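J.: Right, I'll just put the structure down here and ask away after.
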């Protein structure tokens, strides 16, 4: 059975781009008669705010979405908040370490920033790590440990190309070493995003991941982790981003683009869903509609392949103006 999910990070309020991703992931699962899971990705507790997790649940319910498993309804694969799943991540870390797939990295933030400022040093996933600490001898590692430096742990990329067919973006091919060895455990003890999301999706039985196109470059790293952990690799679909009228990523300067702000303006959820469906190519006019009414017309082939700008008049209408 197909299983999809939506996994917001509670470091900010859900905006229209998040809502579109949630809606399309939900429709994809429901169209196939599958399961849908809500998970809260609050692994970085310093950046996460519990009230924003509660607000996200309320916003999604208001929009008309439901889920078979989640933090508010429970289910057989809980807990559904990453902050409560650390033991599972530690187990995965131990397995990877025992198989020699990880190594300690002692590079400072300043050194990593220097890498980022070098030509071709920055990828969409951050600085492309050149493998500095991967080449350290045992003696050099002991010397750094003696200096009291707490290392992060990096996953050593194997020398292999990663190719897959994205459900939306089509065939993808990444050369060996793309993006560089990545962190799976930060020096401050926080589990890396790449590992946490793979462990969660694997243990929750997620078969299809629909998410924003900004995460496309994460996919080869996650595929390697699935393989290293002996888990099936899900199908991935990366949605072109929803942008502001100026072509920039959605931000406060674009107006009331959060669901909380739109709700406060008195806009109906059906109006929001109608506009999101229109911007996603599912309907011909941005007319009010409930999510369940879109299930029969949902088709991944109808989704635009390029980023979509929200017209200024649409934002004005959702903010309480006239359409």
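Including glycine, each Cβ sits where the backbone N, Cα and C put it.
Sharing the feature lines straight out of Swiss-Prot:
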| type | residues | note |
| --- | --- | --- |
| BINDING | 5, 6, 7, 8, 9, 41, 193, 211 | L-glutamate binding site |
| BINDING | 105, 107, 129, 133 | Zn(2+) binding site |
| BINDING | 252 | ATP binding site |
| MOTIF | 8-18 | motif ''HIGH' region' |
| MOTIF | 249-253 | motif ''KMSKS' region' |
J.: Among the binding-site residues listed here, 6, 129, 193, which has the most company in the form of other Cβ atoms within 10 Å of its Cβ?
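T.: When each Cβ's neighbours within 10 Å are tallied, 6 tops the list.
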J.: CB neighbours of residue 5 (L-glutamate binding site) within 10 A?
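T.: Residue 5 (L-glutamate binding site) is surrounded by 29 other Cβ atoms within 10 Å.
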J.: What is the average pLDDT across the motif ''HIGH' region' (8-18)?
T.: 95
J.: Restricting to the same chain and to residues at least six past its boundaries, which positions have a Cβ under 8 Å from a Cβ of the motif ''HIGH' region' (8-18)?
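T.: Beyond its ends, the motif ''HIGH' region' (8-18) has Cβ neighbours at 40-42, 44, 47-50, 52-53, 55-56, 59-60, 212, 241-242, 249-250, 257-262, 272, 276, 310, 318.
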J.: Would you list, in sequence order, the residues of this chain other than 105, 107, 129, 133 that have their CB within 8 A of the centroid of the site's CB atoms, where the site is the one recorded for Zn(2+)?
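T.: Same chain, not in 105, 107, 129, 133, Cβ within 8 Å: 106, 111, 112, 131, 132, 134, 152, 154, 181.
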J.: With DSSP, how much of the motif ''HIGH' region' (8-18) is helix, how much strand and how much coil, in residues?
T.: 3 helix, 1 strand, 7 coil
J.: Based on the record's binding annotation for L-glutamate (5, 6, 7, 8, 9, 41, 193, 211), what whole-number value in Å is the widest Cα to Cα distance?
T.: 16
J.: List only the single closest residue to residue 5 (L-glutamate binding site), chosen from the binding-site residues 105, 107, 133, 252 by CA-CA distance.
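T.: Comparing Cα positions, the closest of these binding-site residues turns out to be 252.
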J.: Just counting, how many other CB atoms are there within 10 A of the CB of residue 8 (L-glutamate binding site)?
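T.: For residue 8 (L-glutamate binding site), the count of other Cβ atoms within 10 Å is 23.
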J.: Specify all same-chain residues, apart from the site residues 5, 6, 7, 8, 9, 41, 193, 211, whose Cβ lies within 8 angstroms of the center of the Cβ atoms of the L-glutamate site, ordered by sequence.
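T.: Neighbours found: 39, 40, 197.
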J.: Let me know the DSSP-derived helix, strand or coil state of residue 193 (L-glutamate binding site), please.
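T.: Its secondary structure by DSSP: helix.
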J.: For the binding-site residues 9, 105, 133, 252, which one has the sparsest Cβ surroundings, going by other Cβ atoms within 10 Å?
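T.: Relative to the other binding-site residues in 9, 105, 133, 252, 252 has the fewest Cβ atoms within 10 Å.
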